[in-house]
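Have a look at the structure below, then the notes.
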Amino acid sequence: MISDVFEAARWREVGLTGLTDVTYHRGIMPDGSPAPVVRVAFNRPEVRNAFRPQTVDQLYRCLDHARQTASVAAVLLTGNGPAADGGYAFCSGGDQRVRGRDGYQYHVTVPKDGSGGADMGAGSLGASDNSGYIPENQGQRTIQEGDVQPQMAPHAVGAKASTAGRYPTDLRAGDPNAGETSKGDRYETDVRDAAGRYGRLHILEVQRLIRATPKPVIALVNGWAAGGGHSLVMVCDLAIASREHARFKQVDANVGSFDAGYGSGLLARQVGDKRAREIFFLAETYDAQTAERWGVVNRAVAHRDLERMGWEWALTIAGKSPQAVRMLKFAFNAVDDGLAGMQMFAGEATRLAYGTAEAREGRDSFLERRPADWSGFPYYY
């Protein structure tokens, strides 16, 4: 079961390979044609849809695919579930079991004798939990200077799997597909560069991607939105919450973390400065009705209506001018995103201008090596 409110007949799975921690579906219209709506969902209900690096990488891939799909007008972001114990979650933030000193880890371990390899698989099990993390006291040690590690870019998901050590084969030393390697079969990349790719807060890249996506992203908050999940709700353009199951809590300070960017800044804009400080400093739980009253979400609805309303809102947006929706989103963003936000807005404005007769005259005069004739274009006021 994907979700207790997921209407399977309305969706078709998008064929992106390697998705384990998220699901990605394209909507289907009654006549069988593709709908202008996609659904992206966290798929780790057993850990309240907490994200690890693999989760975030897959989420980024899906959202970026939706961004680049011209026939998609809106994105629904939600969480699958409930879990076997009946718990509901949109996203409970970062999985603290895989948090290291420099960020969330890709479960990379190296045997102390140096003979083995890194394991990035979603299914590798540690001794005491199902997080994929192997504790250091289990005959392993974490990556250190001098270790030889493969370079795995955060979103390089197309590498072939190897049966030995579970390296991606196009990056494994000595592999016939790897190309030339340096002396001693060491990897071409500097270990510091490889290590830097493992320990990063990739969820911030997802936040920026949502802001830069020229179509609305709608959060369907079906359960807990805590920590980094709470921040994702802030970043989405619209939000609808389950009246029965949605719960909100900003627990960053409880675990020695803080979202000093969008997660706090946009929260303050949405609920007011003092209220935002209360939410972060006290870390108290609040429900969907309170979230609606404070302005954290647009609507609190019956759980059974959550995805149906998201679908209806997405189709309504699809009935609007795509250019107008893009300009509106980037205009809203520009207030908080500074020069970067203004660049996004200006880029869309420039593209609009290219379609005018005035812009065509400028281009044609250059190509025809003649002075431009601006006489037909008034100085509007």
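Note that Cβ sites are derived from N, Cα and C of the backbone, with glycine treated the same way.
As annotated by TrEMBL, substrate binding site applies to Arg48, Ser92, Gly93, Gly94, Asp95, Gln96, Tyr104, Trp224, Ala225, Ala226, Gly227, Gly228, Ser257, Tyr354. Marked as site 'Important for catalysis' by TrEMBL: Tyr104, Asp252, Tyr354. Annotated region 'Disordered' per TrEMBL: 161-187, in sequence order.
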Problem - Under 8 Å by Cβ from Gly93 (substrate binding site), same chain, sequence gap 6 or more - result: Ala50, Phe51, Ala226, Gly227, Gly228, Gly229, His230, Ser231, Val251, Asp252
Completion exercise
Per DSSP (helix/strand/coil reduction), Ala225 (substrate binding site) sits in strand
Exercise for the section: Can you grab the distance from Asp95 (substrate binding site) over to Tyr354 (site 'Important for catalysis')? Cα atoms, rounded to a whole Å. Expected result: 46
Practice task
From the binding-site residues Arg48, Ala225, Ser257, pick the residue whose C-alpha lies nearest to the C-alpha of Tyr354 (site 'Important for catalysis').
Solution key: Ala225
Problem - In three-state DSSP terms, the structure that Arg48 (substrate binding site) belongs to - result: coil
Completion exercise
Simplified to three states, DSSP reports Gly93 (substrate binding site) as coil
Handout entry: Among Arg48, Ser257, the one of these binding-site residues whose Cβ has the fewest neighbouring Cβ atoms within 10 Å
Key = Ser257
Handout entry: Nonlocal residues around Ala225 (substrate binding site), in sequence order (Cβ under 8 Å, 6 or more apart)
Key = Ala89, Phe90, Cys91, Ser92, Ala219, Leu232, Val233, Ala246, Arg247, Phe248, Lys249
Completion exercise
Within 10 angstroms of the C-beta of Asp252 (site 'Important for catalysis'), the count of other C-beta atoms across all shown chains comes to 22
Exercise for the section: Starting from the Cβ of Gly227 (substrate binding site), draw a 10 Å sphere and report how many other Cβ atoms land inside it. Expected result: 27
